[in-house]
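> What TrEMBL records for this protein is below:
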- A:16-35: transmembrane segment (TRANSMEM)
- A:24-221: domain 'Na+/H+ antiporter NhaC-like C-terminal' (DOMAIN)
- A:41-59: transmembrane segment (TRANSMEM)
- A:121-141: transmembrane segment (TRANSMEM)
- A:147-172: transmembrane segment (TRANSMEM)
- A:204-223: transmembrane segment (TRANSMEM)
- A:243-262: transmembrane segment (TRANSMEM)
- A:274-291: transmembrane segment (TRANSMEM)
- A:278-486: domain 'Na+/H+ antiporter NhaC-like C-terminal' (DOMAIN)
- A:336-355: transmembrane segment (TRANSMEM)
- A:437-458: transmembrane segment (TRANSMEM)
- A:478-500: transmembrane segment (TRANSMEM)
Amino acid sequence: MPEEPDIELSFRGGRLVSALPIALFIAWAIFQSGILGIGDTTGLVAGMLTGLIVGLLFVRGDWKDYADVVFAGMTRRVAATAVVAWLWAGMFAETIQVGGFVDGLVWAATVLNVGPGLFPAVTFLLAALLATGIGTGYGTAIAFTSLVFPAGLLLGANPVLLFGAILSGAVFGDNLAPVSDTTIVSAVTQDADIGGVVASRVKYAVVAATLAIAAYLVAGFGIPGVWGGMPHVDVAGEVSASVSPWGLVHLLDIAVVIALAVRGRHIIEAVSWGLLLAAAFNVALGAANLVDVSVGSMLLFSAPQNGLTQAVEALPLLGAVVETVPAGQVGVGGSVYSGAAGFFPLIVLTLLLVAGAEVMRAGGGFDAIQELVIDRVATTVRRAETTMVVGTALVNATVTINTAAEIAIAPYVATLGKRFNINGYRRANILDANTSALGYIFPWGGGLLAGYGAMQGLVGGEATPWFTAEMLVNPASVFPYVFHGWFLVAVFLFAAWTGYGREYVSDRTSEEVSRV
Amino acid sequence: MSRLDKLLAGWTFRTATPTFEPGEVITAYVSERNGDGLTVRIGDSVIRVEDGRGAAVEDKVRLEVTSFDATNHVGTGEVVEVLGPDA
């Protein structure tokens, strides 16, 4: 658990005013992406900066305290964890992509006869499998949007539905994976063992996933994939018979990452091994002329033409990553560069958002909401459980990295649940399912933006030259199609009302937390 | 509890008002303190304890149920052991 800094803030207008920076940000996000249809993450960064500055004006007393709270929020470990996951997953996914993996998937889908109708349902299942294995829904959203999404488009699948299916798979894994950070937080904060928590949540996840698969099948065959006027109408169906299956060797480096993650290795270690292996495969595939890839696809310094740079370009080894170009095209490129760079705006946004949440904590905004809820709303066990579901949803709307949201709401779920002697497993399940789901449904949620960031990387990408900015799926249009997320929330509202899966402390005491 | 038991536990619709038999010993968190007494809510069922033996709200206690009215879901109990708050 993060350490709580001692600083308390006082706001003109009361404790709820501490929610102002985040409230302004949400209003900005709805205006920008929902109403105007602009999915620019850097625009959201401007929104959060504005929110933090406006919040400052309402602080009573020393403004330095507010600044200290902002710093305390930005240096939280959970923020660093998300940043690391995005950077490494971004580099890895992009490196596999330049290695022809998308072509390999298209080849496999063609051979196995997975048409555009079936593609979203299959994508959901595979994304769920990957996310459950590696425990990071964000990483899954990034990898699948970089790799499977373009393959689906080429086969003529509906892009919005496909993006929704990828996010659904990420929800499933975040919710169920034993190594997922949200699973671990939910177990630890509700005093329950991780194995027991995972075992007890299968009964909810399976119900929601079954409904989601059915929904993706119905929608996949019911909604036309690409129709006239959609920008990708020209590329769909353009799968040439000559696509190379060789990119599928990257399944091996993906397997290495999954195996290491499942065995409890740190994500930096697991993904770095995968990245090194992927790079080695790329060099070999390129050298054997099986895939159009080279060292320069992964890292390339495009230098201005002069005597020195031309000399460097001619060198052995080092010359492989240097080319000389006209002055206008100077820069650094390659999958390692662009895979990481795609996430810079999201990383900055995340740090600022965690700071905004910290301001809300220090200003008593979360406490004010808790008191209101416990004393007036949650008067019966049904209402208490429903409050946990809705409260978790609301906090996820404000704190958009779902792990951070979960840490913020966890003490309240514990207090509320213990008041009615709701079992630790049940509390952990309510907490984690709704955290996992909503983080990929709200258009400003970290998981959704992570996928969107990866999608922006496809525009003009080396492996996807046909992908144009017009083909981007607006984050605000995908939320109705995150079927597994919606069904998971619905299952829990149903469970709160009917008692499905409910267990009391007196029925079964959760075991000690054996592993953090 | 085996892994399979853990997987199969709770696939039921559990009532909001569980019932208890006199003499049954249960583990539960303290919901409220009223003077020396305690209120323990298990769902919407309530067990009142006269001598709380110093247990605080959110402390886990071992509790012997001394009476239970299944119609009104209200009962009485005695604290056997105060286990204290979660670590």
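Each residue's number is its place along the chain shown, starting with 1.
Every residue gets a Cβ built from N, Cα and C, even glycine.
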> Cβ pairs under 8 Å only, please: of the recorded stretches A:16-35, A:147-172, A:336-355, A:437-458, A:478-500, which one is richest in them relative to the transmembrane segment (A:121-141)?
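Per the Cβ count, the answer is A:147-172.
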> What same-chain residues lie close to the transmembrane segment (A:478-500): Cβ under 8 Å, and 6 or more beyond its ends?
124, 128, 160-161, 163-165, 167-169, 171-172, 175, 203-205, 207-209, 211-212, 215-216, 219, 382, 385-386, 388-389, 393, 429-430, 433-434, 436-438, 440-443, 448
> What else in the chain is close to the transmembrane segment (A:147-172), if you only count residues 6 or more beyond its ends and a Cβ gap under 8 Å?
93, 96-97, 101-102, 105-106, 109-110, 114-117, 119-121, 123-132, 137-138, 140-141, 205, 209, 212, 216, 219-220, 223-226, 230, 232, 235-239, 436-437, 439-441, 447-448, 451, 455, 458, 463-464, 467, 471, 473, 477-478, 480-485, 488
> With pairs restricted to those 6 or more apart in sequence, evaluate whether the transmembrane segment (A:41-59) and the transmembrane segment (A:336-355) have 3+ C-beta pairs under 8 Å.
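Result for the transmembrane segment (A:41-59) with the transmembrane segment (A:336-355) is yes.
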> Short question: which residues 6 or more past the ends of the transmembrane segment (A:437-458) have a Cβ under 8 Å from it?
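Hits for the transmembrane segment (A:437-458): 25-26, 29, 33-34, 39, 41, 44, 82, 86, 90, 93-94, 137-138, 141-146, 149-150, 163, 166-168, 170-171, 174-175, 338-339, 342-343, 345-346, 349-350, 392-393, 396-397, 400-402, 405, 464, 467, 471-473, 475-476, 478-479, 482, 484-486, 488-489.
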> On the 0 to 100 scale, where does the mean pLDDT of the domain 'Na+/H+ antiporter NhaC-like C-terminal' (A:278-486) fall?
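In the predicted model, the domain 'Na+/H+ antiporter NhaC-like C-terminal' (A:278-486) has a mean pLDDT of 88.
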